[in-house]
Structure formats: C-alpha cells, structure tokens
Amino acid sequence: MLATVESLYRTFLDIYCPAFFFGTVVMQGILIYFILFQTGAKMGVFRYILGHTSVCQLILLFITISCQFRMISSKVPVEVRCYGPFRFFPAVYTYALHQAFQFFLFMSGMSIIVTLYFKLMTFNFTRMTKTAMIITFLLFHIPVAFSGGLEIYLVITVSLPQEIQEMYALKNVDVSLYSTAGTMKLQTVSFMNFLIMVGSVFVYPFASFWIRSRILKHLNHHLNSFSSHNKAQHRSFVSGLTLQSFLPVLTYFPLFALYVFCVTTGAEIIFQQYFIYLMPTTPALIDPFVTLFFVVPYRKKIMGWCGLNKRNSVGPQSVSTVMS
C-alpha cells in the first residue's frame, strides 16, 4: 500500500515539478522585465531589493527542482533523499545544496521586510545615503548571515569529511530512483538553525504588520503631501508587501509542524516528506502575481497591453512615484 502511494506521489511530482518550474520562471521573468524596464530611475533602492528578492527566489527554485529533496522524517536520524537530476552528483554537493536551500529561503523572506522598512523611511522623510542604506541592509541580514554560518559549519562537519563521503558513495551506488544527500539531527547547531528558520516565519508577518501600520499612520498624517491617487498607490504597494510577508506562514509552518510531529511520534506522512521543500518555494510563483497586481502602475501597464485600460498610459516615471 505504501509503495503504491509513493508511486502515485512520484507520478504526480514528475508532472508538477516541470510545470511549476516553467510557470515560476515565466512569472519571475515578467517581473524582472518590469523591474528593469518599466520603472523609473527614482525608484532607487527598491529596484535593487525587488530584483534581489527575485534572484533569491529563482535560486531557491533551481535548487528545489534540480534536487527534489524528500525528508524521511520517520527515520532516526532523519534522512534527506534527492530525487531530482542532481541525484547523480556526490552527496557532499546535494547536502550543501540542501543547506543553501534554507539560506536562500531565509534571505528571500528577509528582503520583503527590508523593502517595507525602507518604504517606512521614505514616509519619515528620512534621507538615507547609499552607505547608510547598505549598512541598514546588512544589519537586517545579520540573522541570515548567522544562519548561513551554521549551515556552512554543518556542511564541513557532517558531509565534507572523507570517510563520510566514502560512506555515501557506497550507499549511492544505485541512483536510478534517488540518492541519499545526508542526515539531519536536531542537535546543538542544527537545532539552533531550526529555531532561527521557524522563528523567522512568525516574525515576518508581525514585523510587516507593525511597519505597515506605521506607514499608513504617516500616510494619513501627511494628507496634504500626497494626492488621493498617489495615496491609493502607496497603500496598494504596502498591502502587497504585507501579503508577501504572510505567505511563509501559510506555506512553511504547517509542513514544519508536521515535521516535528513525525520526528517525535515516528509517524510517516508522505505528503510532509515531499512537500516540506516544495511548499516553501511556492511564494516564488505567487509573489510575481502579487507584485504585478499591487504595484498599481504595473497593473495598469498590463491592463493597457490587454486593452483594458486604454485611457491611462503608465510609464516608468509613474512607477517611481509609488516607490519613492
């Protein structure tokens, strides 16, 4: 029975993964086109942050589909398998990509919070120099860098030693279906990284709602500084970012809750084993739709191309007013 269910999952994923990859690349490509060619120079730092988020999500997508990890949570220690094209690579590389998956997942989420913060600074009428912006960006990413350091340590200690590589080379003689990338133990270093990753999922929406409330407060306070049209555009942009920051809670936490349940009880839930990696990557497909809809000039530009908004032509200069 279990083998039949696994076969059904693999059949479904053999269709889903290429379709998901193609759809996400297309949507991210459209978004990057708008960022590069449909926004004005005054957009400044926001262009780079939105582009940075897209690049992180594309890297995350590449790792997810090329490796197609599966977490065997019912085993002790937890085993990580690779079903994607990269299963033919040595285990040290797939294990390193497994850690990189967590790093870029963390970084893409943090970029949304940074975007909201810089937006708040513009409403505070704070003129930040390029140096101050870079320092602020780096300060926000200290948790990401710390988590990345832990992940590098895990690769060096858990996967890089020669005897471990030789062990997995023998174990992965037959990789026709999958290879074993490594194992996971919730011990000191890995447990710290686990807490950081899961904790960030909860911090993102709370931080975004707090920053959003501050932005809307400033927006309402400076009623005379903006036209009703510009205020609506600012509100829409901020609402889109808030929604994006909430997505990880929906796509990340439920699967990790199931992961903890499986580890503590020994239960085997195949959905959790496969989708604990696929679901967190889902925002890479959803975020472009959110951005293209909630950034009003982007939306109007697309509607104009579709013949639905012929009266209003929106150029790059209009987009810069939303972001600046």
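Note: Cβ is positioned from N, Cα and C throughout, glycine not excepted.
Taken verbatim from TrEMBL:
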- 12-36: transmembrane segment (TRANSMEM)
- 48-72: transmembrane segment (TRANSMEM)
- 92-120: transmembrane segment (TRANSMEM)
- 132-156: transmembrane segment (TRANSMEM)
- 191-211: transmembrane segment (TRANSMEM)
- 237-262: transmembrane segment (TRANSMEM)
- 274-296: transmembrane segment (TRANSMEM)
Spatial neighbours of the transmembrane segment (48-72) far in sequence, C-beta under 8 Å, 6+ residues away:
13, 17-18, 20-21, 24-25, 28, 31-32, 35-36, 78-87, 94, 97-98, 100-101, 104-105, 107-108, 111-112, 114-115, 118, 137, 178, 181, 184, 259, 272-274, 276-278, 281, 283-284, 287-288, 291
Within-chain partners of the transmembrane segment (237-262) [C-beta distance under 8 Å, separation at least 6 from its ends]:
71, 73-74, 105, 109, 112-113, 115-116, 119, 198, 200-202, 204-205, 207-209, 212, 215-216, 268-269, 271-272, 275-276, 279-280, 282-283, 286-287, 290-291, 293-296, 322-323
